[in-house]
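These notes are about the structure you will find just below.
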Amino acid sequence: MNTFSQVWVFSDTPSRLPELMNGAQALANQINTFVLNDADGVQAIQLGANHVWKLNGKPDDRMIEDYAGVMADTIRQHGADGLVLLPNTRRGKLLAAKLGYRLKAAVSNDASTISVQDGKATVKHMVYGGLAIGEERIATPYAVLTISSGTFDAAQPDASRTGETHTVEWQAPAVAITRTATQARQSNSVDLDKARLVVSVGRGIGSKENIALAEQLCKAIGAELACSRPVAENEKWMEHERYVGISNLMLKPELYLAVGISGQIQHMVGANASQTIFAINKDKNAPIFQYADYGIVGDAVKILPALTAALAR
């Protein structure tokens with residue numbers, strides 16, 4: 001048996017649901033999808049869900065992860081084994097841990113390859129900070145996986161599909177974290193997974209102010225702006241959602257233009273599937289040039305304006 005009898009899917013990020021659903025179609029005969037609202041339920045059915053389970057009734061001061069108890073109960077009630085697919089977001093990984101505990105299931109994070117043999121999943125993912133690929137065969141009846149962005153192509157919606165909708169009512173967990181306040185994050189909506197052209201900046205750009213030069217290039221060629229992990233996590237020059245690398249975005253654009261990025265393996269794992277890589281770096285020995293199809297050795301602050309002017313003609 002090279003598929004599971006059923007798979008359970010949940011995504012806290014709507015843009016990640018299509019790829020998870022495509023993976024679910026390849027890995028199981030029946031697809032169950034947990035959703036948070038009616039609109040997500042309609043989308044899930046159009047993407048291939050046989051059954052939609054709407055999570056309902058959570059108080060405003062509780063977090064989505066507190067649904068883990070009723071989600072696990074629902075999964076157990078409908079089969080003695082199964083596969084759970086979640087995005088490798090922060091919330092996805094936290095929920096995976098909670099579901100793994102409740103289902104007595106093995107949990108594997110950041111999966112990049114999944115196969116099924118004899119009803120058991122074999123998972124490959126990066127280990128040792130991206131220096132190697134680990135392979136794990138999951139022996140527990142249930143398997144809980146968080147999936148790296150770009151592992152599957154996005155499923156295409158089909159409005160003619162039909163499915164059954166159910167409601168899963170909130171049950172307060174015995175122990176939970178209560179949210180006391182919410183602060184909106186200042187962030188521009190972006191879906192880098194779908195971008196054809198990506199301009200990505202590293203610390204070699206020099207300063208937060210110099211990122212405007214990359215933004216002007218993006219505007220000239222219709223690209224999306226991304227960054228390396230140090231730019232987002234260390235310098236705080238850009239938001240977390242835009243950094244490319246092993247623990248976040250895994251992109252497959254037609255063009256990846258790396259500006260001031262050294263090219264460490266942890267970053268390149270997220271960019272190496274690009275059709276064409278163009279690098280700009282003042283260090284001729286930077287590892288990025290080992291991956292690049294084209295490269296310019298020089299100061300990005302001087303090169304970007306000239307490149308923008310040439311491409312804007």
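We count from 1, first residue shown onward.
For all residues, glycine too, the Cβ spot is worked out from N, Cα and C.
The following features are taken from Swiss-Prot:
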BINDING   255-283  FAD binding site
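Overlay of Swiss-Prot annotations on the structure.
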| residue | record | DSSP (3 states) |
| --- | --- | --- |
| Leu255 | FAD binding site | strand |
| Gly263 | FAD binding site | coil |
| Ala271 | FAD binding site | coil |
| Ala279 | FAD binding site | strand |
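Highest local Cβ density among the binding-site residues Leu255, Val259, Ala271, Ala279 belongs to Val259, counted as other Cβ atoms within 10 Å over all protein chains shown.
Non-local contacts of His267 (FAD binding site) by the CB criterion (under 8 A, 6+ apart in sequence, same chain) comprise Gly202, Ser228, Arg229, Val244, Gly245, Ile246, Ile261. A 10 Å cutoff on Cβ-Cβ distances gives Gly263 (FAD binding site) a total of 22 other Cβ atoms nearby, all chains included. With a cut-off of 8 Å between CB atoms and residues at least 6 apart in sequence, the same chain places Lys252, Pro253, Glu254, Leu255 near Gln275 (FAD binding site), listed in sequence order.
Note on Asp283 (FAD binding site): other Cβ atoms within 10 Å of its Cβ, all shown chains, come to 13.
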